[in-house]
Amino acid sequence: MLTNQRASFLMTWIVLAGLGIGIFAGFLASVRPAYLGLVAIAIPLVFYFFTRFEQAVIGLLIVRSALDPFSDQQIPAAFAIGINILTLLYVVATLLVGRPVRTDRFWWLFAGWVALQGLWVILIPLGGQWHHTGVWRDGVREWVRLFSWLMVYLLVMQLKDRVHPQKIISALFFALVIPLTAALMQTILPVSLLPAILRGTQDPILGEISRINGTLGLSNTFVTFLLLFIGLTYWKLSQSQQRWPWLVLLGLLCFFYVSTKALFGLMILGIFILVLIAPRLSMINLIGGALLFGIVIALFASTEFGQQRLSSLAQTPLFNSDMDISRAILLAQGDYNSFNWRLSQWSYLLKAWEQSPIFGYGLATSRHLTIYKNYAHNDYLMALAESGVIGLLVFLAFLGTQVTHFIKLLQRTSRNIAQQKLCWVLLAMLLSIMVGMITENIWTHTTFFFYWWTLFAITAWDWNQPKLLDNSVAE
């Protein structure tokens, strides 16, 4: 009886929603007919989402890596908002029919952290130092981006006990197809033959592509994306009986990783390899890790652009004892040395932070605090300037909680070697990313974190359920 009442209530809700959509569609048709076309596309997609939920979610996970070239058309932003709406609709529908919504303890902590970030959005208009609404809109947009990560986590959690984690991970490799195809085109084709949306960063002297970005917008963003899949490929390699396909893929990923010519990528790769081999540290593993890292360094240094990047380190205070920080900051105005530029950017951020040390200036305001009008290129200084000492401590606590989460999982997952190895790969990834945050805007790498929270959600599941094991993809 109760089930029939719930079904009747759900049907009533769907009918009312349909009427609302019809009225809204009529309004859009009168305002701008193109919007009506978007609604016409969205309705069957929503229907497919609810009738083929598992396939739809996995499809959404795969397609995200191909969207960044359409940022000017706001496609990634629309995708994030769509994910938020679909997830909330699914949660409401699930509750209406009396089924449980899957969450875990970390999701609630994550939700609390995202809610707390909203306080720094409110701080922007209350601060009084911003005289135009564009800064506040940036803050709202940043909060929506963080909220979409939370919704991705929640959406993936609804696949628990329905799809085996290894099947989800195997499906994620299809997300490589379009980015790697674009990267290959950027590598072998001249700029004139590339579509405008696929043109990588051009060398200012040679006028040719010296750094590739696949479909990830920027080379540095592509680096973290590649590092994530290098880790997953290594994990697959350790689990698979047929290793040669994974060895080929690993070599291909490393080739594109080097082709980005991102100097910070070498640093985080070295840390990733070091942490990865630490549990089984032996002479063979040490030599293998050093050999892999040495090959990457050699390939990087074999190009003119790579040599210029490495030689530029000699003109920084870190490797030149005759140069102090103040001189490096002065030279940053015209020597095109990215490290010295970072020192200058950080000095401006610290001076701005001194004027509002406790709570900072508000979410996504760091770009407006220096003369360069650019990102902080240090996620910790970004947190300090935007949210003050309080916000920095909250940010560090959030990162530390993730580390603790993986350490606990390593202790709990001893019965499943594949699950335990994945936890270690992700822990190595997290530690390397945390170091990379010192010199890069990794927190802005939306695509990386889209897949990061997908993997984070499934690591704590029970991988030993017989029903799911029978349905999982054979290794």
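Note that Cβ sites are derived from N, Cα and C of the backbone, with glycine treated the same way.
Pulled from TrEMBL, these are the features on record:
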TRANSMEM  6-28  transmembrane segment
TRANSMEM  35-63  transmembrane segment
TRANSMEM  75-97  transmembrane segment
TRANSMEM  106-123  transmembrane segment
TRANSMEM  171-197  transmembrane segment
TRANSMEM  217-235  transmembrane segment
DOMAIN    247-396  domain 'O-antigen ligase-related'
TRANSMEM  247-277  transmembrane segment
TRANSMEM  283-301  transmembrane segment
TRANSMEM  381-401  transmembrane segment
TRANSMEM  422-439  transmembrane segment
Distal contacts, the transmembrane segment (171-197) - CB-CB under 8 A, six or more residues away: 58, 61-66, 69-70, 207-209, 212-216, 222, 225, 229, 232, 249, 252, 256, 259, 451, 454-455
Positions whose Cβ lies under 8 angstroms from the transmembrane segment (75-97), at least six residues beyond its ends: 6-7, 9-10, 13, 42, 46, 49-50, 53, 60, 64, 67-68, 141, 144-145, 147-148, 151-152, 154-155, 158, 446
Best-contacting stretch, by C-beta pairs under 8 Å, relative to the transmembrane segment (422-439) and drawn from 106-123, 217-235, 381-401: 217-235
Cβ-based contact of the transmembrane segment (106-123) with the transmembrane segment (247-277), 3 or more pairs under 8 Å: no
Contact set, same chain, for the transmembrane segment (217-235): CB under 8 Å, 6 or more residues outside the stretch: 65, 68-69, 71, 169, 172-173, 176, 179, 183, 200-201, 211, 246, 249-250, 253-254, 256-257, 260-262, 264-265, 268-269, 272, 276, 418, 421-422, 425-426, 428-429, 432-433, 436, 440-442, 444-445, 447-448, 451-452, 455
Averaged pLDDT, computed only over the residues in the domain 'O-antigen ligase-related' (247-396): 81
